[in-house]
Each structure stands twice: as C-alpha cells, then as structure tokens.
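Asks: Sharing the features that TrEMBL gives for it:
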type	residues	note
ACT_SITE	88	active site, proton donor
ACT_SITE	233	active site
ACT_SITE	327	active site, proton donor
ACT_SITE	345	active site
BINDING	431	Ca(2+) binding site
DOMAIN	626-716	domain 'PA'
C-alpha cells in the first residue's frame, strides 16, 4: 500500500505538494482551483515528500530514504511568495525535517550509511523555523495563523485575520523546542513556551477548559466551545507530550488539570461532546468530529485504559457501520459530515491500544481498516479520499498525512519490534507521527530550565500517581468491573461488549434498538415562525411571544412543562439560547444588503443576514457585484450533475435539506463569487423577524461571500429576476445610516436611478407615497418616475415591474377593496392604465387603483 501510493506520488506528482490520485497529476499551489483554507498547508515545497521521509526510514527502505533526502536538499526551497498555515507547516514540514534528520544520524551510526550527510536537513529546518518565527509577532505571543514564506508578516496576501484556533497556537512547542535544542538557538522554544503559557492563563478558571478560537491580539475567546476534537485536539496532546519530551512537570500538571475537567464535563460515557467552557454543564454541539479519534491513544499515554477502550469501541462500531469514520457523526451514529480524507487518528489510537493491551482485537480492527482502504480508495495512481462514506464516491485528493501517518501507523501495528530498525521507546510521536528523541530533555542549556524551578506540585491536589508512569495492571485496578482473578483480555472484552450493547440501544437502525424519547430542539435550530417549533418548546414550559417590533421573547415557567424532565430540558434550552444570543451579537452589528436596480430607475437594497463563514467585507472590499442566477436544484445540496460554471456570478439557493455551509461549499465549487440563501418559510420577513447569521461548522474552507434573505424580501428579488434574466446584484455591508428612503431627481439624466429604497422595515407603498408628497404631484406618474425607454416613450414593462414589486406589500383586505371599488371592464382599464394623472393627495389610494387597473 505504501509503495503504491509513494511511487504514484513520485511518478505523477513530484515535486508538487500533493498527488491528485484521480487525475494522476500533482497539486501545485496557485495552479489548481483553490480549496480555501485546506490549501494553506501547501507551499510548493514538496510537502508529501518531506512529510514521508521518516516513514521510509521506519519501513527500512534506507536506499529510498537516502534518495529522498537528496531530492529534498537539492530541490526544495522555502523562499517563495506564498502564504501558508503556520500550524500545518510546523507539524508537517518542520517536524518532517527534524525527524528525518534525527533518524538519518541514527542510521549513520548503526549502519554506516548516509556518510555524506552533514546536518543539511537541520539547516533547512532552521530556515523554515525562522520563517515561521515572524508569525509570533503579536501582543499576546500567540502566533498568527498564516505567514508569507518570503515576506513574513509584511504581505498583503495574509489579510487582516486576527483569530487562530487553540490547537494551531498550542501545537508548536514540540517541534520548536526540538529545533532550539538541536541548533542551540533558544528563541524557538522561548516563543513556543510563551504561547503555551498564554493559552493556559486564558483558560476558564472554574472549569479549567479552553475555548476553540482566540483573538491573537486581545486574547478574547471568539468561540467558547470546548472539546477534544477539531480546533483544540493537539493542544491537549502537546501538554502531555511536552512533559514526556522535555521533562518539565508544569506541562504534566496542566494536562492533568485539563484532563480532570474533560472527563468531568466533556466525557459522557464513551462519548465526547463539546460544551461551553464558561458553562461546562451545557453542551455546545450534538455531534462529534473524527479528529477526536486521537483521544483514546492519548489516554493510553495517560494510563487511563478503560475510557480509552470504550471510546475506541464506539468509533470502531461507527466504522463498522459506514466502512470509514465520517468527518462528523451524531450520538445515535448517524452521519453529520459524510466525507473521509483518509485520516490517521483512528488507526493511531488502535496502534497505541494494541501496544498497551496486546489484545488481538486491535489487529482485527487494523485489518478492517486496511481492507476498506484497499476495497474503496485504491486507484491507479495511489489512494483517493472518500467524498461520501454512504456512496463511497471518491475525491481527487491524497493528503500528505496518508503517507506520513495513516500508513505508518498501520505498518507499526502489524510489525514486530525486530522488524523496525529503531527503538521507538526512545522517541515521542508528534501529532503528525514524526519522531523526536527523548534525549532532548538532557540538553544542557540553563535558559531552558529557568521556568522549572517556579513549579511546585504541592500547590495542586493531584496524587503521586498522577506524576508516575502508568501500568496496564494499575490502571485497570481503579475500575469497578475489574476482578483480580480475571485476565486482562477478558476484561477488555467485557468493556467492548457493554459498548456494543449501548450502540444497539442507541442506533435507530439496529434490530435491538429501544424506542428513544423525543429529543429536545436545539436553540440554534429554533424558529419562531414554525408552529411545530413553538409547540415543542411549549411542552418544555416555554412561552413564545412575538413583540410588535418583530423580536421574539421567550418566557420559561417550569410549572407549565409536561414533566420534571421536560422542565429541565426547558431550562437547558433557555441557557443555550442566551449563549447563542451573546455569540451572535457581533454578527448582528454587521448586517448585509442585496442591492439591484429595477428597470434603470429604482435602486432597491434588501436587508440580509450575514454568515459566520466565508469572506468578510472590509475597507478594501466593501461589496461584490455579479450577475445573479437561480440554481437548479434550488436547495443547492447536490451538484453532482451540474456542469455549468458560474464564474463571477452570484448564485441564489433555498434554505433547507442541508447545512448553510454545505450549500456554500457547493456554490464555491461551481465557481461562483457569492451566494444568496432564500428562506424556505413562507411569509417570513425582515419586518417582523430578527436577522441572524448563518452558522458554519468550524472548517474554514469557504472563501465566497454569503447572505440570507427572508422569503418575503426575496420575492422582490425573484420578481425582478423574471423581468431581467441577466440582472446584476451587489452584496455589501448594511450601514446604520441606511434608512427607508426614496430619492427622486429632476430627470435630467435618465440613466441614473430616480428612486432608491432599502428594506429596513421595507414598505414600497410608503416609500413611493413619500415621493408624491413633494411638489411633483402635478406631474404625470410615468414622467416623475422616469419610466421611459431610449426613444422617450413610456415603457409599460418598467411600470409593470414596479407594480409587481408593490403588490406583495398590500394586505388581503386592501386587495379586496381595490376589486370591489372598480366597475370598469377590462378594455376600459387597459386604456386608462397609460393615461394616468395623479389626482389624489394620497398616493397609496392611487396605487391601489393602478394595481387592479394595470395588472
């Protein structure tokens, strides 16, 4: 498997960063269509080869290892005007170079090979280390998420982003400390330690949990969800492994305190569900992501085998159901995000559990993983990621970590100790499965040890066992089920059987499944315009009141709930709603507008909601323009059969059937520059409903602009699109000074719009009425609004377009009044329609008559 994928990369892709296994070509940065943040790992520096160097050595292919090192030394340069991810470049490139350097020296000593090698990889590691070092120039010491390889932070390409994930900032210290101790330049370790110290100081002092996204200048938590998956995962990993590598007990203490809180708040049996760091009893999500699959392996290092076995078994049952571990899944084992990019975390934990237990069950798990990779992902040019685990559709992608981690862990799982040319007990695995020697702890440099003396374990409440190396027997004795007369393998089997019973009871597709009680509605899913939602929260004792200004008021009375359990769910719902409201305040201040011109005479700006994903408007680009097109299928959830390229266009889709972020990804794949989501709830309007921001999923791979329109507001846009199939719209920021307004000019320039309207409390009747309260009452209606074609003749189409956009604003009673007041036959009405002179002082009455006469 490794030979097939490695040879495919070298034959079809090198010197590109990655192999595109379906296209049989390399993926170069800036050549292929951008995939958003995913491409920030690429720097046109032969990423896959650098990431794979130590895998060649571990597998004993020393001749190819030597050849690959030579290629890296001769061909790879880092002086490129490319913006890369600091985190990914650190763990893959810097980590790969350091690991290969250490193993090359070991091979030199043991096998008298590579005698020409003279620290060239270490010199390259120092080069890339200095380039990454510029990212640490922040007021907090937390590194910027991106850096330009050539110009550091002095590059317009980096953008104004001031936020980074906890894992991104907290997963630098292993590689940076190793670089310092191998080169003697302490600055790398000092900077990485400062970032770790700041993250620790920003934890919530009551819960000892950290959030997901932090502002690098202010230190404020942008996203306060706390878990062990995406965005935080390797921070916890590096707390423990920094202690193992460097021997600094303060990192062990930090990990122990984090671990205690994780097991108290986040761990729910074998499940690990994100919570709010400041309210840890409140869950923040109803799904888990695949990156948390590393956690059982880390628990093995911690010495906590029972929960490691249980969580791993849950993950294994999910892979049994879907053949692969989907990117995200719910607690009843359904798919939340269906793709699988050949990630290593599950097989990583499988390997460490086998090391700890010697239970052949984990070899069987490895065989299943291997078999599924062979059956579903092997192609002529390597192995292709799975786009959807349900259909097994492939994706033209083979990330470097497949060779660096996934296949490495599979190889190690099935290998005997004597088959590996290195004693792995002498190394720490980084988060990218690179090897750093434990001997680094003995580097004699006083600057590394200054902080050690400041730490005293007597300040904390942990027992001596928390500071000792764990043993399997000792960790099992702490559990309730373990019997001293029982052999370990029997105990492991009992644990797994209990988990399987849990799966059978929870999985709705299982023949053993027990009926589940109705799950409460999430605050993020609640819509006051949906009667079933209102009825559901009423069962929880929550009364929904729609205020005159359109805002929604929720009142919880536990005495009105159907049961005590329902009352508790109601209190939980209210807490979650308050948290959600606080999180969205920053977005509510930045509403959007969708602007367009009707028939060259009326400019309409519809109030729209923003998105918590994709590009944001700034001073350099406060809007985008593009032709608007309606997607077919309208929901935008399945684009497999769409062959049209929507380059430089803004695509209109409807809410429903999939997540907002999934629609955005699909629209982006089609080449569009923007997306407008139309509400699927009839009669919803910005007049009576509060605006909200569309939520994402934490993966920053969407770059296009996205906005949300309520259905009534969207009708105005859809009607206009019927009149002009090539209409252009502008997506921009809504400014507070924008109010409902009508502007009329003298008509000297017929190409300029005479009427401007915004949809903040949109009411077309009132806006046009304001116009006719001016001195222009004596003028012909068509002349005032300038509905004329290029020949100066009155345009019926322009006037009809106006009327169609006014019609939805009338009430049923007003429409009935119009029809009852008019006794003319059809011919008379048509004759009068284009000879209208304004006689009434109230334009609304006149417009009512016009609507019935002309339409």
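One is the number of the first residue shown, and numbering goes on along the chain from there.
Glycine too: its Cβ is placed from the backbone N, Cα and C atoms.
Remember, predicted model here, so these are calculated numbers, not experimental data.
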Asks: Looking at the recorded positions listed here (88, 233, 345, 431), whose Cα lies nearest to that of residue 327 (active site, proton donor)?
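Replies: Of the recorded positions 88, 233, 345, 431, 345 has its Cα closest to that of residue 327 (active site, proton donor).
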Asks: In terms of DSSP three-state secondary structure, what is the assignment for residue 327 (active site, proton donor)?
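Replies: The residue in question, residue 327 (active site, proton donor), is coil (DSSP, three-state).
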Asks: Express the distance between the Cα positions of residue 233 (active site) and residue 431 (Ca(2+) binding site) as a whole number of Å.
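Replies: Taking the Cα atoms only, residue 233 (active site) lies 9 Å from residue 431 (Ca(2+) binding site).
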Asks: Using a Cβ-Cβ cut-off under 8 angstroms and a sequence gap of six or more, which residues of the chain neighbour residue 88 (active site, proton donor)?
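Replies: The list for residue 88 (active site, proton donor) reads 40, 41, given in order along the sequence.
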Asks: Over the span of the domain 'PA' (626-716), count residues by DSSP class, listing helix, strand and coil in order.
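Replies: Counting residues per DSSP class in the domain 'PA' (626-716), I get 16 helix, 22 strand, 53 coil.
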Asks: Under DSSP, is residue 431 (Ca(2+) binding site) helix, strand or coil?
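Replies: For residue 431 (Ca(2+) binding site) - judged by DSSP and reduced to three states - the answer is coil.
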Asks: With Cβ-Cβ distance below 8 Å and at least 6 positions apart along the chain, what are the contacts of residue 345 (active site)? List them in sequence order.
Replies: 290, 291, 292, 293, 294, 297
Asks: When DSSP states are folded down to helix, strand and coil, where does residue 233 (active site) land?
Replies: helix
Asks: Just to confirm: which same-chain residues, 6+ apart in sequence, have a Cβ under 8 Å from the Cβ of residue 431 (Ca(2+) binding site)?
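Replies: 91, 171, 174, 233, 234, 237, 238, 294 - these are the non-local Cβ neighbours of residue 431 (Ca(2+) binding site), listed in sequence order.
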Asks: Other Cβ atoms within 10 Å is the metric here; tell me which of the active-site residues 233, 327 scores highest.
Replies: 233
